[in-house]
Amino acid sequence: MTADLDRQKEQVPQELVPSVDQLTATLRAVQDPKTPPQERDAVIRSARAVSSALKVIADPGTSRAVRGRLTGLVKQVTSALDAANRPGLPPEHRRTAVFVADRTAPALRAIGDSRTPHGLRNDLAGGASGALNVVNRHAGQSFAAARKVAVVVAEGSDPGTPDDGKKELAQSAHEASASLDKADDPGASDEERDKARQEADRRIADMERKLEEVISAQGLPDVPLGKAAEVCTNAVFDSAPQDTLGRNLKGLLPKKWSTEGVKDFWKSKEKGNDVLDVLTQLRNDAFADAPMEVKRLVPGLAETVPANELFGTLGTPALHCLRAALQLDKDSGIQSGTWVKKAEEKE
């Protein structure tokens with residue numbers, strides 16, 4: 001990956017050379033064994049998206065408008081990843097910076113695709129840019145909102161989202177991002193910022209409603225319990241605060257994990273319908289895996305991300321969480337917090 005970026009540096013506009021250097025340095029930094037694997041994976045995904053965008057930027061056939069959009073977003077994505085790598089940054093701030101970069105990076109592909117309608121391209125760029133601005137300005141009070149906007153940008157950039165849904169999501173993300181810019185404007189008065197924050201809250205709520213509507217139109221996935229639990233678990237691990245996961249899953253952890261402490265809940269793999277193999281990085285930076293019962297794990301995840309936050313936190317994998325909760329309720333009478341009621345609404 002770093003060798004490819006070094007070659008691309010010779011082909012892109014001079015103004016992007018510092019961004020390519022930044023990204024190369026970030027990729028090397030996350031190879032440190034102490035880097036949480038979730039963050040390493042997200043940086044690598046983002047770097048691949050940036051690398052693909054650099055090819056479009058360097059293509060003489062790319063229009064000036066598209067090249068300009070991509071150039072601006074490449075700078076913002078690489079800056080966010082660089083910010084996440086700065087020493088002394090609180091862990092959750094670092095995770096948010098990487099999360100927002102990872103979720104907005106898919107917009108680069110959509111924007112660079114000649115088949116993407118002009119309006120959709122502009123809205124995706126505006127939505128992604130606003131979320132990345134929050135991270136790059138270290139506007140901590142807007143981090144939660146930026147994460148939600150980034151999730152919507154990712155869904156609006158997904159080739160699997162219907163065209164009408166993409167348009168709705170991109171527009172709502174753009175509007176929400178614009179309101180965040182106003183709410184965090186250092187040149188505005190306190191009164192103006194307070195008013196802008198109220199508007200931002202309204203826009204974010206509208207955006208989340210549209211996101212749930214668009215995703216819910218797919219219906220709950222027709223998959224076995226084990227697969228539903230695996231997809232759900234991986235999405236929650238990737239999106240939820242690690243300390244919250246640690247508290248809510250404490251009763252499931254092997255003794256060694258509890259003694260050492262879990263640094264990063266990484267991912268899971270289904271082992272039939274009853275058990276998932278869960279992989280983690282412990283606080284001593286060792287990797288460990290252990291089986292966890294689906295009937296105990298899913299309710300713990302439901303405590304971590306309540307139903308009213310599920311779509312805005314996870315995006316499409318929320319449907320797998322609802323499928324797992326509904327199946328557990330039907331098969332075993334096991335309740336998973338507020339997920340079962342939400343699942344029944346979507347069934």
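Backbone N, Cα and C define each Cβ position, glycine as well.
Predicted automatically and left uncurated, TrEMBL annotations should be read as such.
Taken from TrEMBL, the feature region 'Disordered' covers 155-200. Assigned with DSSP, the residues of the region 'Disordered' (155-200) fall into helix, strand and coil as follows: 35 helix, 0 strand, 11 coil.
Residues of the same chain lying 6 or more positions beyond the ends of the compositional bias 'Basic and acidic residues' (181-200) and with a Cβ under 8 Å from any Cβ of it are 130, 133-134, 137, 139, 141-142, 145. The annotation compositional bias 'Basic and acidic residues' is assigned in TrEMBL to 181-200.
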